[in-house]
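Working notes, beginning with the structure itself.
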């Protein structure tokens, strides 16, 4: 089957609402909306392998550290794992006093009751329920007319209100979503939401959240903004409701749709870090927040160490962040074009520390989000980096991790600039040796003893420094953690990988590590040895020595 020459035979254009007096195009976003992360619910349910309890807790703590005050933590009536996770959050005291958890439930009494069971003992919680209102869902999925759909929303609301009253020690919030709002007749969405408002009787001091999802993105963002503004004009008790938006990215405009919706009156935005979520994903909260930041608006979220946040998200979701993802991708602050690099260099030369940011091609100062400038001003091209990686793999069996490829390409570029010549594979390998494998000062690893018992590793390493022998001892859950515990400086391991070089009895292990010393910038190290543990230790000392040497050079 091929694409139709006349797609109008199969597809119909979106029918916009009439709003000739729209006001949103003249609005400016001058403050952050209320943010809600649905990474642990919408994001988690879209993963090939949903997160286990350990990953969910790690992700939750990351969201709290970033500054999220509302976090949708699961769908407890649909998953025992989610139910148990909600209980652990509450019983384990993991929820800060200024953070409110939210859970999702369908509009069914048995599921609502199970949801309230999961929330027993919570200080504050939002119960979020939904039912689909769009014509296609009414006709195809549920075989319900408009009256039936509205009755479901009202009945479920009454059940939620009754069960909440039975648990008065919890400070309750309520959220209703007319699912697939973007494809629903807007006047009918208002009718259903007004009926829900009558159930909950919200006040300006105790507002009801009305979440208007673009469950499937079906039109240009301006149409969604029109729907939001029209809804805000016609919904009852506007001063007693929070209009929330939840955009997906089916047409690739989820960020724009959310931003225009806020201009149109939305108070609150739901999304995921780096845009995870069903199909093409939810709107990316990182992009939205940093878009505000680069307009001089405090986003109320902290991405000062964006790579650490990205590491948690990638580990938990098992999905890499695209190299071109706004703000967070490996390549977003890198210019390969010579003319771009020239403009960036001139911009840095003229940029004053306390001046308005005006460096060409860079909408944000990379340092604000924990990035350094080396990748920005490197002169190596993409093909050059790819060639370096290819030669090392083909000639020496060395497969550098992605971020290390970028770091080492800068080393190669500096050498080619110095020599003014093309470097051979042997010369590139010699440079790799001198930069990483021979990095033995100020600390040279002479040997180590490792004892492992009941999942605990104890290590004793002998180190030569300034001609004198020292012994460092540490204990941890594995050899590397034990070694880090014994170091005289603070080391944070950002990434670690390993592979075999060769096969059979002559095989060696190659270990790669990315770490930070004393909170400094991330650097890499390599270790190669017949023994994997030794290779990993050599990699750590390689990176450690490089970091300390560079810090000493900068201080000088």
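Heads up, the Cβ atoms here are built off N, Cα and C, so glycines get one too.
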**OP:** Can you match one of 42, 52, 495 to the Mg(2+) site that Swiss-Prot gives for 246, 248, 282?
**Re:** 42
Original post:
Are there any residues in the same chain, six or more apart in sequence, whose C-beta is under 8 angstroms from the C-beta of residue 246 (Mg(2+) binding site), and if so which?
Top reply: 38, 177, 211, 212, 213, 214, 215, 269, 270, 271, 282, 283
Original post:
So, by DSSP, how many helix, strand and coil residues make up the region 'Regulatory domain' (439-556)?
Top reply: 35 helix, 57 strand, 26 coil
**OP:** State the three-class DSSP label for residue 248 (Mg(2+) binding site), counting H, G and I as helix, E and B as strand, and everything else as coil.
**Re:** strand
Original post:
What does DSSP call residue 282 (Mg(2+) binding site) in the simple three-state scheme?
Top reply: strand
